[in-house]
Amino acid sequence: CRQALRSVAGPEVDFARAEREYQLYVGVLRGKLGLQVLELPADESLPDCVFVEDVAVVCEETALLTRPGAPSRRKEVEAMKRALESLNLNIVEMVDENATLDGGDVLFTGREFFVGLSRRTNQRGAEILADTFKDYAVSTVPVHDSLHLKSFCSMAGPNLIAIGSSEAAQKALKTMQQMSDHRYDKLTVPDDAAANCMYLNIPSKGHVLLHRAPEEYPESAKVFEKLKDHMLIPIAATELAKVDGSLTCCSVLINKASE
């Protein structure tokens, strides 16, 4: 974890605690929610490989393997490719050397895609995503003060965007609203990092939302508690957050009946 990329210097990652938090995350997905979890092998030569979201965008039966913006992360795609091949998805590879795309910059609302143009994702990457998922509108959103678009927003329900309170987050939301023909509801939380939550619609469980724990973001946790129709599951991510990680970073959700 000393070698993981980080946008700001800060306290060292407590590796044992990071492992405990990760096991809890996987345990919720597999045990509590009954999802089939396919874990990729760890690779000590790729310190950021725990953040699997960045190397693939999956929608319906198609998986786009990205070309991460950080050159040190490009080999991560190989393990993801093997995993997605085992699920018999239609795989598209991003081979254009002028393109960069991190999955953390891709927000799929169920109706359309928003792609953050950030330090890690460029216009060419967004164009290839649009070519891959032709059934959906794709709009780009400038991202300035954060690593990724989903560093300050995510879907918190079928039509609900969770968004941080910072000026940059609110400006990005305004751009998304202007780009879209659709009106989304919004859930504004005080902390940008807490706006990264994980929504799942599971037939036997209904609306499920994993959100950052109250001990990390007490005020934001209170906002999530207003979602009375959701099964709310608080999850701490204190250690991965030190290296720019958040809840959506550690998984790629695939809607596919288990084989």
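Placement of Cβ uses the backbone N, Cα and C atoms for every residue, glycine included.
Lifted from TrEMBL, the feature list:
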BINDING   L5, D48, E53, D54, R73, R120, V243  substrate binding site
ACT_SITE  H148  active site, proton donor
ACT_SITE  C249  active site, nucleophile
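Counted over every protein chain shown, other Cβ atoms within 10 Å are most numerous around D54 among the binding-site residues E53, D54. Local packing around the recorded positions V243, C249 was summarised as the count of other Cβ atoms within 10 Å of each Cβ; on this measure the leading residue is C249. Note: H148 (active site, proton donor) has non-local neighbours D102, G104, D105, G116, S118, R120, T121, i.e. same-chain residues 6+ apart with C-beta under 8 A of its own C-beta. Here the CA atom of the residue listed as 'active site, nucleophile' lies 5 Å from the CA atom of E53 (substrate binding site). Straight-line distance linking the Cα atoms of C249 (active site, nucleophile) and D54 (substrate binding site), rounded to a whole number, equals 7 Å.
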